[in-house]
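**Student:** Positions annotated as domain 'SIS' by Swiss-Prot: 38-184. Among the features that Swiss-Prot reports, ATP binding site is placed at G56, V57, G58, K59, S60, A61. Taken from Swiss-Prot, the feature domain 'CBS 1' applies to 211-267. The feature domain 'CBS 2' is assigned by Swiss-Prot to 276-329, with sequence analysis given as support.
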Amino acid sequence: MPILFDCNATAIQVLRDEASALLESVKQFQEPNDLEAIVKLILKSQEKGGKLVIVGVGKSALVAQKIVASMLSTGNRSAFLHPTEAMHGDLGMVEKNDVILMISYGGESLELLNLVSHLKRLSHKIITFTKSPTSSLSKLGDYYLSLKIKKEACPINTAPTTSTTLTLALGDVLMACLMRAKNFSQEDFASFHPGGLLGKKLFVKVKDLLQTTNLPLIAPSTSFKDALIEMSEKRLGSAILVNDNNELVGVLSDGDVRRALLKGLSLESEVKHFATLKPKSFKNLDALLLEALEFLERHKIQLLVCVDDRNKVLGVLHLHQLLELGLKA
């Protein structure tokens, strides 16, 4: 099927329409509004063990679920409630000190309107996101933020596009205000994302990834040939020279090997003659991975050899392991 329109022009128009709506919405925060009261309400609810329950139907339900996810990831108790399911038992998830946020662009959704009276009966405060404070839903609510837009970005001005983008943005506004009110830090964020990059930077320690077995340990008197075999078998790109007490003597890196070969040294030569003696080592196993990465890059080495206070080898960590985790110094 031939495309009889300019896709790029359409993309530009959609993005401009949505960006324009976001900028237009800034005006509501330059005039008297309920934002600060809403933030205080949610914080007070949290102090009493309550949560933010977000309600929506259709596309608003999907947006509501994203806002819930953002709230949870920043330490704010939150849950999604579908209005239809609420009328058939799920209302039981709403607890005494919870605050309710109801999202409906038009503010006339029957599912939400039917639910409001039950929530009000239970003395819950209602926040509404709708296009007008005079909508049926917002008139029943206690606090309001505007979703007013000039038009949807879709070609026929009907599919939720601009309105859902603005709704997401208002959810971000709430989240950001709560984060600032609670002095939410990078460390706090990482604690909720232990598997993410920030979590790895802030929480995973050297000892958590340290390889302590199958190490390429060799004696200083080992032949160059046998050292190469050990390096090949252990696949760390290096061999570690230790004495009879397992104390670190040197490291044979792939760079050392190349330099030795260029010099034409015999394969039977003892490895101690061309290894790096008294190499850089690392003692703090409680150090974060980022500190280990900075150490490796600062000394321009690839293998972090960890030792104890008596210089005995405990294990290793390779630069590639850290880079594969997405870490950058």
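Cβ atoms here come from the backbone N, Cα and C positions, even for glycine.
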**Student:** Please give the average pLDDT for the domain 'CBS 2' (276-329) in this predicted model.
**Tutor:** 85
**Student:** Just counting, how many other CB atoms are there within 10 A of the CB of A61 (ATP binding site)?
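**Tutor:** Excluding its own Cβ, A61 (ATP binding site) sees 18 Cβ atoms within 10 Å.
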**Student:** If the ATP site is taken as the center of the Cβ atoms of G56, V57, G58, K59, S60, A61, which further residues of that chain fall within 8 Å of it by their Cβ?
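**Tutor:** Those within range, site residues removed, are L62, V63, A64, I103, S104, S109.
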**Student:** Work out the three-state DSSP category of G56 (ATP binding site).
**Tutor:** coil
**Student:** When the number of other CB atoms within 10 A of each residue's CB is tallied over all shown chains, which of the binding-site residues G56, G58 has the maximum?
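**Tutor:** Answer by Cβ density within 10 Å: G56.
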**Student:** Just to be sure I understand the packing, how many Cβ atoms besides its own are within 10 Å of the Cβ of S60 (ATP binding site)?
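**Tutor:** Its Cβ has 26 other Cβ atoms within 10 Å.
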**Student:** Please report the number of other Cβ atoms within 10 Å of the Cβ of V57 (ATP binding site).
**Tutor:** 19
**Student:** Among all the protein chains here, how many other CB atoms are within 10 A of the CB of K59 (ATP binding site)?
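**Tutor:** The Cβ of K59 (ATP binding site) has 16 Cβ neighbours within 10 Å.
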